[in-house]
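Taken verbatim from Swiss-Prot:
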type     : residues  : note
REGION   : 1-32      : region 'Disordered'
COMPBIAS : 15-31     : compositional bias 'Low complexity'
DOMAIN   : 31-156    : domain 'CoV N NTD'
REGION   : 44-63     : region 'Disordered'
REGION   : 120-145   : region 'Disordered'
COMPBIAS : 164-179   : compositional bias 'Low complexity'
REGION   : 164-193   : region 'Disordered'
COMPBIAS : 180-192   : compositional bias 'Basic and acidic residues'
DOMAIN   : 215-331   : domain 'CoV N CTD'
REGION   : 226-333   : region 'Dimerization'
DISULFID : C320-C323 : disulfide bond
REGION   : 326-409   : region 'Disordered'
COMPBIAS : 358-367   : compositional bias 'Basic residues'
COMPBIAS : 368-384   : compositional bias 'Basic and acidic residues'
MOD_RES  : T378      : phosphothreonine
Amino acid sequence: MASGKTTGKTDAPAPVIKLGGPKPPKVGSSGNASWFQALKAKKLNSPPPKFEGSGVPDNENLKLSQQHGYWRRQARYKPGKGGKKSVPDAWYFYYTGTGPAADLNWGDSQDGIVWVSAKGADTKSRSNQGTRDPDKFDQYPLRFSDGGPDGNFRWDFIPINRGRSGRSTAASSAASSRAPSRDGSRGRRSGAEDDLIARAAKIIQDQQKKGSRITKAKADEMAHRRYCKRTIPPGYKVDQVFGPRTKGKEGNFGDDKMNEEGIKDGRVIAMLNLVPSSHACLFGSRVTPKLQPDGLHLRFEFTTVVSRDDPQFDNYVKICDQCVDGVGTRPKDDEPRPKSRPNSRPATRTSSPAPRQQRQKKEKKSKKQDDEVDKALTSDEERNNAQLEFDDEPKVINWGDSALGENEL
């Protein structure tokens, strides 16, 4: 199915899309966190960020004169054997006169601080925007209308037009910027450094543990209902539900890795964000009915457009390159997982031939062999490790919580 509607070519500039959703409150908060999500360096020891534009995140609630502040470096670590391990730095934005460097004037030199301002901003003024209380307000997604950071940095894509339930507080009850629930913000903060592809699989596992476990009968029903209504249950391969992958015709999406892992492949969850809903498919498609000997065939042609300035544009392109006509291939960065702990049970009579009647010498296990067995991971340990992968690996695709849409799961 191809995926809004196609339009003719034009030389006119691309339209500016005005995004809705939660906005930073107009009145300052008593918290101490940045209003915005972090910029994340792609490599260790990356230089401070440089910006194509002003470097000030979009916030339409502030006057132009107030559009100035600083980016502050935050060292990050992940746990590991023998202690913590450094991962690439994060940079957080604060308005002048707020945050950890509230005592500095705009432009004062200090290590780990990068000052930015919009054209026409009054950098001698100090902001009354305050900082964020994480218990009341969620992070606001970064948007740069005049150009973002250089290629050494990235940020997780969080859409701001996805409806979520709000948390009623005195500070936000009268504002249109009511924040998502505390549980939602806690989940984003605690997993902000995890690889999103791994987190996609973890969310499915967590949902099953919390009472939404799919029974064998339910999974079988999901996989064998009417073809156009099927969904892939956990533990099923793609071809078990939708048939073998092909090239150049229907059923051409998915490489061998995706076929084997099914819904556990985080790329599936990410791409579901681009798939039209049933209503969008029906009312936003070009519908072509055709009578055939076996019945009525309905063809739906729908086009989903991912803007080139979307922070995840390159990632979506990469997945399409891997998975469209991807049968017989695997991602280049798909490394084999560690083997599970070998089963040390002795063979039973039913599983092995009777031994010869001779005395066998006992093999003495070396200490090195014992150590290797101890270091082998159980399947549970492998799964936990996969959930703890951080975004400092150069080939890891990071999606942001937006890739894990509630409706798609």
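Each residue, glycine too, has its Cβ placed from N, Cα and C.
Each residue in the domain 'CoV N NTD' (31-156) gets a DSSP state, and the totals come to 3 helix, 40 strand, 83 coil. Note on C323 (disulfide bond): other Cβ atoms within 10 Å of its Cβ, all shown chains, come to 23. Over all protein chains present, the Cβ of C320 (disulfide bond) has 16 other Cβ atoms lying within 10 Å.
Assigned with DSSP, the residues of the region 'Dimerization' (226-333) fall into helix, strand and coil as follows: 44 helix, 16 strand, 48 coil.
Within the model, the region 'Dimerization' (226-333) shows a mean pLDDT value of 90, rounded to a whole number.
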